[in-house]
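*Asks:* Among the features that TrEMBL reports, D-ribulose 5-phosphate binding site is placed at ASP8, HIS9, GLY66, THR67, GLY68, ILE69, GLY70, ASN99, ARG109, ARG133, ARG137. Residues or ranges marked as active site, proton acceptor in TrEMBL: CYS65. Taken from TrEMBL, the feature active site, proton donor covers HIS98.
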Amino acid sequence: MKIAIGADHAGYRLKDVIIPFIESLGHQVTDYGCSCADSVDYPDYALQVCQQVVSGDADKGILICGTGIGMSIAANKVPGIRCALVHDLFSAKATREHNDTNVLALGERVIGPGVAEEIVKIWLETEFSQGVRHQNRINKVQSIEDRFTVHP
Ligand code: RB5
């Protein structure tokens, strides 16, 4: 898969650990920054990564900030994005099976690199269940988004 990844100044260290790990799993990674501890704004990076996902240039996106919260909030503002903030293995699997999430958010200040790698591996390897009840719920989420999306 093609994976777009981005982080702010509180997440770039974990990003730099996660990138070679994802590559070692056989995926292609594009890094949208940032790459140092200078203070930046997480929505700028969330937007870049999510644009790659909704355009189809990336299959999935991964976003990292201090808590993962800001990144997940920003990502879920982008139409077509279903982003989950995940810090445990059960949720990593469940959010692919049930929510068909296309973006994963992580908090560098919350979990260590070992857990983050396991979460990323499970999230990338788990398929959507295709369950009718789950698809219906995703459709309902989409209909909420459609209701508030202004079309020019
Ligand atoms: C940066 O200090 C921090 O606020 C940010 O990385 C993130 O945790 C926001 O949700």
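Placement of Cβ uses the backbone N, Cα and C atoms for every residue, glycine included.
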*Asks:* For the binding-site residues listed here (GLY66, GLY68, GLY70), tell me which residue's CB has the most neighbouring CB atoms inside 10 Å.
*Replies:* GLY68
*Asks:* When a 10 Å sphere is centred on the Cβ of ASP8 (D-ribulose 5-phosphate binding site), how many other Cβ atoms does it contain?
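*Replies:* The Cβ of ASP8 (D-ribulose 5-phosphate binding site) has 24 Cβ neighbours within 10 Å.
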*Asks:* About how far apart, in whole Å, are the alpha carbons (Cα) of the residue listed as 'active site, proton donor' and ARG109 (D-ribulose 5-phosphate binding site)?
*Replies:* 27
*Asks:* Could you work out which of the recorded positions (HIS98, ARG137) has its C-beta surrounded by the smallest number of other C-beta atoms within 10 A?
*Replies:* ARG137
*Asks:* On the Cα atoms of ASP8, HIS9, GLY66, THR67, GLY68, ILE69, GLY70, ASN99, ARG109, ARG133, ARG137, which are listed as binding D-ribulose 5-phosphate, what is the maximum pairwise distance in Å?
*Replies:* 39
*Asks:* Between ARG109 (D-ribulose 5-phosphate binding site) and the residue listed as 'active site, proton acceptor', what is the CA-CA distance rounded to a whole number of Å?
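*Replies:* Computed Cα spacing between ARG109 (D-ribulose 5-phosphate binding site) and the residue listed as 'active site, proton acceptor' is 8 Å.
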